[in-house]
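J.: Per Swiss-Prot, the features are:
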BINDING   30-37, 149-152, ILE178, 186-189  ATP binding site
ACT_SITE  HIS37  active site, proton donor
BINDING   GLN61, GLN155  (R)-pantoate binding site
BINDING   GLN61  beta-alanine binding site
Amino acid sequence: MITSAHIDDIRTQVRAWRAQGETVAFVPTMGNLHQGHITLVKEAAKKCDHVVVSIFVNPMQFGQNEDLDAYPRTLEADSQALTVAGAELLFTPTPAIIYPKGLAQQTYVEVPGISDVLCGASRPGHFRGVATIVCKLFNIVLPDVAFFGNKDYQQLLVIRTMVEDLSLPIEIIGVDTIREASGLAMSSRNGYLTEEEKAAAPALKKAIDAMAQGIKQGVSIEQVTEEAKASLIAAGFTPDYLEVRHATTLANAEPQDQALVILAAAYLGKARLIDNLRFDR
């Protein structure tokens, strides 16, 4: 696997592949990789001739009092795992390479509406940071296809909307959430959990599953939501949000909506965990 922090190196290699008529898949990450990331890379390798991965802890998507400095950097282990998974090109830029003028002077991309609710309301500016870095990475790598995890459901919709609105010639593929044996969605932030918290963490998925089951049985959204919040609090969580939305627009769910998604974010100790479930009523 070739590794470089330099934009020109990435573009040169991708151009060489394209000159041979070969296809390129891209998996953007912030490193500290787990099996969910590796699954994205393996799916990308099935789809295209070559796989490019980026590792960049993006300061633009971290808010004040968030864990930018504490976010784990595990480049050596990540590189080994990516090589085994089938990645051929790894882009590891510094903030100075990505944002040479600094964040205050950086042109940014903002997807209105869908970026402002749920995680966007809890973390102002987060999705502006996500959209900006992903758009910039797309312009550097110029992939045919890009892969993202369905665990970050709102992020995936933001990126799909950006690609559509800006007419970017890139196919976006979402890959099912990879889970621990306990049912906990794999996340780099799971490393913040104590053993006691890890034992409690599966309550998040259980609460979401119970909400979906109740809605399918005709119980009101308000009732299932209150019951789920109570179960999370009893398990030691501090809920951030727990909501039922239209599956493609993230508008508040209406009685006539069939395609729904439950989205949840909750704190367990120092970790902010998110999860979701898309289902038909």
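Using N, Cα and C of the backbone, Cβ positions are placed for all residues, glycine too.
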J.: Within 10 Å of the Cβ of GLY36 (ATP binding site), how many other Cβ atoms can be counted across all chains shown?
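T.: I count 21 other Cβ atoms within 10 Å of it.
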J.: Just counting, how many other CB atoms are there within 10 A of the CB of MET30 (ATP binding site)?
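T.: Excluding its own Cβ, the number within 10 Å is 18.
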J.: Give me the Cα-Cα distance between GLY36 (ATP binding site) and GLN155 ((R)-pantoate binding site), rounded to a whole Å.
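T.: GLY36 (ATP binding site) and GLN155 ((R)-pantoate binding site) have their Cα atoms 16 Å apart.
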J.: How many Å separate the Cα atoms of MET30 (ATP binding site) and GLN155 ((R)-pantoate binding site)?
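T.: Answer for this pair: 14 Å between alpha carbons.
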J.: Recorded positions HIS37, GLN61, GLN155: which have a Cα within 10 Å of ILE178 (ATP binding site)?
T.: HIS37
J.: Across all chains shown, how many C-beta atoms besides its own are within 10 angstroms of the C-beta of LEU33 (ATP binding site)?
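T.: Around the Cβ of LEU33 (ATP binding site), 24 other Cβ atoms lie within 10 Å.
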